[in-house]
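Noted in TrEMBL for the protein shown:
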TRANSMEM  12-32  transmembrane segment
TRANSMEM  44-62  transmembrane segment
DOMAIN    68-311  domain 'Cytochrome c assembly protein'
TRANSMEM  74-91  transmembrane segment
TRANSMEM  138-165  transmembrane segment
TRANSMEM  221-244  transmembrane segment
TRANSMEM  259-274  transmembrane segment
TRANSMEM  286-310  transmembrane segment
Amino acid sequence: MIFSTLEHILTHISFSIVSIVITIHLITLLVDEIVRLYDSSEKGMIATFFCITGLLVTRWIYSGHFPLSDLYESLIFLSWSFSIIHIVPYLKKNKNHLSAITTPSVIFTQGFATSGLLTEIHQSAILVPALQSEWLIMHVSMMVLSYAALLCGSLLSVALLVITFQKDKKFFCKSTHLLNESFSFGEIQYINKRSNVLRNTSFFSAGNYYKSQLIQQLDHWSYRVISLGFIFLTIGILSGAVWANEAWGSYWNWDPKETWAFITWTIFAIYLHTRTNANLQGANSAIVASIGFLIIWICYFGVNLLGIGLHSYGSFTLTSN
């Protein structure tokens with residue numbers, strides 16, 4: 001009872017903190033970014049990370065198994081993974097370009113996990129025989145971490161596509177202050193001092209300059225995050241194959257979950273291959289990653305709606321009033 005109450009408290013605290021962080025981000029979109037607000041949002045995400053960590057540890061203690069046995073627990077672990085991706089650049093004292101992606105992702109996944117739709121599986125239950133294995137931590141944690149990294153990288157690619165096809169005028173007006181803090185080029189300082197002149201004479205060239213720099217940064221971070229997620233996904237699939245051989249006597253059974261995991265792996269393998277060709281980098285590779293974003297959700301969430309196959313223990317039914 002004590003552990004259940006503690007879990008409930010930590011869930012609401014973490015959700016409240018990340019909601020405040022979202023509000024701060026919205027404020028910074030309307031006005032020039034304030035350093036104190038930025039620091040507050042970063043500290044808020046760190047506090048959220050510790051709350052979710054405490055939640056997972058608490059559930060692990062009173063359930064007696066690693067909290068990755070159903071969709072609810074995997075969603076909480078997914079939000080924890082997003083928070084890790086968020087705080088790593090902050091701990092390295094780098095400008096956090098991922099905050100616009102990770103913060104909404106945390107609140108979305110945790111909000112859905114704690115919503116009334118999944119009420120029936122909030123309570124911890126005894127593991128089914130198939131999950132009573134040491135491979136549970138290795139396989140499922142790698143898969144969920146890969147989902148988090150691939151989703152973040154894919155959303156960065158989506159942002160790249162949006163900015164690439166966005167009109168220069170609109171982009172220049174809304175993104176100047178962001179790039180001023182992201183880069184330290186002499187041209188940017190010159191532009192800031194003579195912004196009125198630029199608006200009348202070299203408006204479009206300045207807008208293209210800012211735009212190209214931001215696109216390069218999005219492309220760079222998208223590639224790095226997706227590469228990390230692809231490594232996690234590969235480890236997760238291989239460990240799952242070994243576990244499947246121990247549990248079911250076969251390394252691969254073409255289960256719906258396994259099939260979509262293979263499709264996901266193939267899509268991002270194609271993305272990484274396009275990165276080796278200079279002519280296919282940028283928007284072309286971003287299109288592949290954007291397709292991968294939809295494939296991930298089908299693999300992670302869509303297959304659970306079917307409730308069939310060897311991974312049916314991760315399925316759920318929507319509750320209704």
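Keep in mind that glycine also has a Cβ here, set from the backbone N, Cα and C atoms.
Automatic, uncurated: that is what TrEMBL annotation is.
Sequence-distant contacts of the transmembrane segment (138-165), counting only residues of its own chain at least 6 positions beyond either end whose CB sits under 8 Å from a CB of the stretch, comprise 66, 68, 74, 77-78, 81-82, 84-85, 98, 100-102, 105, 171, 211, 214-215, 218-219, 221-226, 228-233, 235-237, 239-240, 243, 261, 264, 268, 282-283, 285-287, 289-290, 292-293, 296, 299-300. Residues 42, 45-46, 48-49, 52-53, 55-56, 59, 67-68, 97-99, 102-103, 105-106, 109-110, 112-113, 118, 140-141, 144-145, 147-149, 152, 225, 314 of the same chain, all 6+ positions outside the transmembrane segment (74-91), place their C-beta atoms under 8 angstroms from a C-beta of that stretch. Across the residues of the domain 'Cytochrome c assembly protein' (68-311), the predicted structure has a mean pLDDT of 76.
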